[in-house]
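Per TrEMBL, the feature transmembrane segment maps to 7-24, 30-46, 58-83, 148-165, 199-221, 227-254, 261-278, 298-325.
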Amino acid sequence: MQLSFQKSFFVLATIFLLFAALIYAKTILFPISLALMLAFILFPLTRRIEKWGANNMLAAFLAILIAVLLIAGFVVLFSTQLIKMSGELTEFKDKITGLFTDILYFINKNVSFVDNLSREELMNEATGWLKNSAGSLLGKTVNSTTNFLTSLITILIYTFLILIYRQSLTKAFVRFGSQNNKDQIFNMLKNIQRVGQKYLSGMFLLIIILGFANSIGLWIIGIDSPFLFGFLAATLSIIPYVGTTLGATIPVLYAFVSHDALWMPIAIAIMFWAIQLVESNFLNPKIVGSSINVNPLAAIISLIVGAAVWGVAGMVLFLPFAAMLKVFCEQFDQLKPVAMLINNEEENSGGGKLKLFEEIKGWFK
């Protein structure tokens, strides 16, 4: 077996240039990538509206409008709870300041970093720091909101254009191949679109299921605004591996600050642990895992690479991108080893979690 220096250098240079392009062209590639994913999930709705007699431009506009109205409905639904919670910010600030001061005072009392430091001095310093941080946070929030709205409008425009010109784009990609490979390229593009669509629709269904499960659990425990925290935690679950933990941390901290009973944050943590156990072992493999078919190693690598390249957005997008890359590599003999590295052979063999899921289903027959 011989190792070609020229081929190795070409592969490494290609990978380096690809990462450089993803990093430095983030402002261009990220909205296009997100618009492409949105176009995948809106494509069936657009095609259904076209069958009702609308042209492609009107169908794309109505599909995007329906999606925007649904999202706006959720925002309006939960905004009332956010407004209600905003009135409690002063009380939360005092509790957090007091807790932070007590911790620092206890540490300084036992370790003696600063001599003769009173609790009142610590309280004044913490209060002043919070006031200064609040002003800086408000300015950053305004800038972030402006950037978010600008990016959202750009993404919606890209999505609209992709839906309108989807047939022309497909024909253009098909023409890159030879006459004999046109059907193969067309099927590859269709499979890539199907993977993205199934992943997004599966994640949406999973968010709905987890949202109601979290909300019912929080309502039983007795926390305020259970649906807000429940669906917020469910939405954060789109970030692989860390999203569920982050989503559970928010209501746990809220319960710790807003309630004196220690059992409540502990009960919330146990509830989220139980729901995450069911989600990771049964719901996710059946609803989302079957659509992407990516092994855990490739999923973790895509998560790390996505975070390094595009931050949190990359953590969300690079997992379906890995599944699409697998579909692309399966069409070329030279790249089939890459597809094998990404593919989840254990899931294909029907073992492990899916087999256990089928056995449990049999108990209820």
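Glycine is treated like the rest: Cβ placed from N, Cα and C.
All annotation found in TrEMBL is predicted automatically rather than curated by experts.
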Residues from the same chain, set at least six apart from the ends of the transmembrane segment (30-46), whose C-beta lies under 8 A from its own: 56, 59-60, 63-64, 66-67, 151, 154-159, 162-163, 166, 193, 196-197, 200-201, 204, 310, 313, 317, 320-321
Surrounding residues of the transmembrane segment (199-221) on its own chain - C-beta under 8 Å, 6+ positions past either end: 37-38, 40-41, 227, 229-231, 233-235, 237-238, 247, 251, 255, 264, 267-268, 271-272, 275, 279, 283-284, 287-288, 291-292, 319-320, 323
The transmembrane segment (298-325) versus listed stretches 7-24, 227-254, 261-278: most Cβ pairs under 8 Å: 227-254
Intrachain residues whose Cβ lies under 8 Å of the transmembrane segment (7-24), provided they are six or more past its termini: 309-310
